[in-house]
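First up is the structure itself, then whatever we jot down about it.
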């Protein structure tokens, strides 16, 4: 198809068709028999042309520029038309360059649906956009970029104007949408008028945004607001230039105000709850020539109906609080920004100081009110810091981690409360819940309360997320190293009722061994689930965690793990699981990361569970979960029968020993004795009715020497020494109950030895997968001290000619059967 464009000279219109940037020239323009890549038609020319392709809109754009002189001739007031008609369907840009004197500015009036200002580069929904520039002498100032469907109704400019209208090739728009309404001197850069009807909001930017407002300039925004509505101004983004003279400021002219104009700094809270129409002006300053800086402003005006409860005030007394801030904000803050069409909620410190976000600080008392139809859209976030300055003083103080009543009494839902616990060196944090206790939130046992606590322990190099906890569990105490952050989050409206029962406490305690230690007293009625911190991302490398589980004396605990192995491979070091009961002679179970975890087992005393991590290879993480249940101890009939049978066997052995011993007396030398000169040598008489007395008692004739004296030569033959036991790994030493079991050192690899009665076994290999149990010597068992007087005959290496029965009797007489 061919096109003909005829331009009259008096119209002063120029049409240019040129290729799109960054597009390969697969299409060209044919004028008669000449092929061109670009075509320019000047005023007074008549040109017929065609494209060499069927889709020229993919390759070409068109500019139509019209020059209007309002200085030397009359200004064409009225609607501005799109001229010339019947243009090719290309992406078009209409440019109107209007010359005007600075003494007689221009007024541009926009037809409905008016305009909406957007940031430069932002795309309009219908791809139709306006760009307005003010021309003062040789200087050009970009007033802004606008889309259709807004609240900007008029713009007055000082001097000339260059207005560009961008239309896509398929736009049905046939009118420019604006008219030149008037000429009037305004003595400022520009005036932008906005008409706000009903509940609405508008966002506006200073000229040249974001590059910077012109030096020492003045501009004004006029807002037409119905008298029965209320308007509030919010500055969202601004920056200040470096002033050499004067001061940058904003001025408000509010009808009925006793101090017009009201002057504010850009950093001040701007007026809110304004009744009726008002003006806002931005004044620049003389900038420093060496370092001018940038003055820019992006703000929002919100109009809404007066609120019924705007005169209702709420007292927030933070006078006795320390190091605490309370922020009242809209739901989703700070990431979510409400849409322009959404009703806005305002929080006011006084009738004219309102904002969507209000921060209150400790040490002050506030009277606040709300301009909001639905308070359920508001939230409270608070933060408090607790630090230890004097170690001697803070170690004796218990702090309450509860939400103050000044917050809970507000008709707004608490979103979160954060306690930042700052511990000095060698001082750690202990968190307790004396009455409610805590439950760890795990997939098998989820929290169903109205709030929960997230506990994070932060070291200089690692952040350890201990877990999420809620009240009503079995965890009595959590001890952590370094600084700790406790975050209370609420769910639903139930927290207002449950807030009176908070009992979370905190104190500073001396240095602990592991990164984290939890004290657990399982509930007999429920199964307690516990899991490693940083779930599900894995325990950090080289971190050690301990759990101390309390077992009542009349109950037994059942301990089990949720999987068979730790599920990691170590790049450096080894990972260990240690289980140790708090009982004399109790065994300690140690498992490496390449071994099977213990099967469910019964624990009859308080016990420790310790998990220490290595440096895992990439993509493997140590995540371990275990459970504990309690049950009453049962008397086993089999045990009773075994005890009775054992007693019978001991009695039988005793009779046999006696018999053997008596037999041995006949064949050996007579008993060693001492002659008593006062012995009665008279013949025995007939016994009387009463038993014989000490005088007639023959038991005093001989003083029998103890067996230890008889067999003392055996001790001499042994030289007072006993063959030492085979050395075994004993990691848990020291007073019982004060520290958790120590994990094996990372150098402890293949040198673990098993206890043997005959010879030392070969060292462990990497293919060993058993659970190794190390027996600790019981209290009272003979020790290799080198003192022969403390050893029993059963501990010597050599025996007399007596048989085994005699040896058993000797051991029994010296303190019981040897182990």
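Glycine too: its Cβ is placed from the backbone N, Cα and C atoms.
TrEMBL: automatically predicted annotations, no manual curation.
Here TrEMBL flags 774-785 as compositional bias 'Polar residues'.
Residues annotated as compositional bias 'Basic and acidic residues' in TrEMBL: 788-802.
Taken residue by residue, the domain 'CDCP1 first CUB' (3-70) breaks down under DSSP into 6 helix, 36 strand, 26 coil. Marked as domain 'CDCP1 first CUB' by TrEMBL: 3-70.
Taken from TrEMBL, the feature domain 'CDCP1 second and fifth CUB' applies to 79-182 (among others). The average pLDDT the prediction assigns to the domain 'CDCP1 second and fifth CUB' (79-182) is 93.
Under the heading domain 'CDCP1 third and sixth CUB', TrEMBL lists 188-293 (among others). Across the domain 'CDCP1 third and sixth CUB' (188-293), DSSP classifies residues as 0 helix, 54 strand, 52 coil.
Residue counts of the domain 'CDCP1 fourth CUB' (315-403) by helix, strand and coil are 7 helix, 42 strand, 40 coil (DSSP-based). Annotation source TrEMBL lists domain 'CDCP1 fourth CUB' at 315-403.
Per DSSP, the secondary structure of the domain 'CDCP1 second and fifth CUB' (410-500) breaks down as 6 helix, 52 strand, 33 coil. The domain 'CDCP1 second and fifth CUB' annotation in TrEMBL covers 410-500 (among others).
The domain 'CDCP1 third and sixth CUB' annotation in TrEMBL covers 514-627 (among others).
Residues or ranges marked as region 'Disordered' in TrEMBL: 756-819.
Residues or ranges marked as transmembrane segment by TrEMBL: 637-660.
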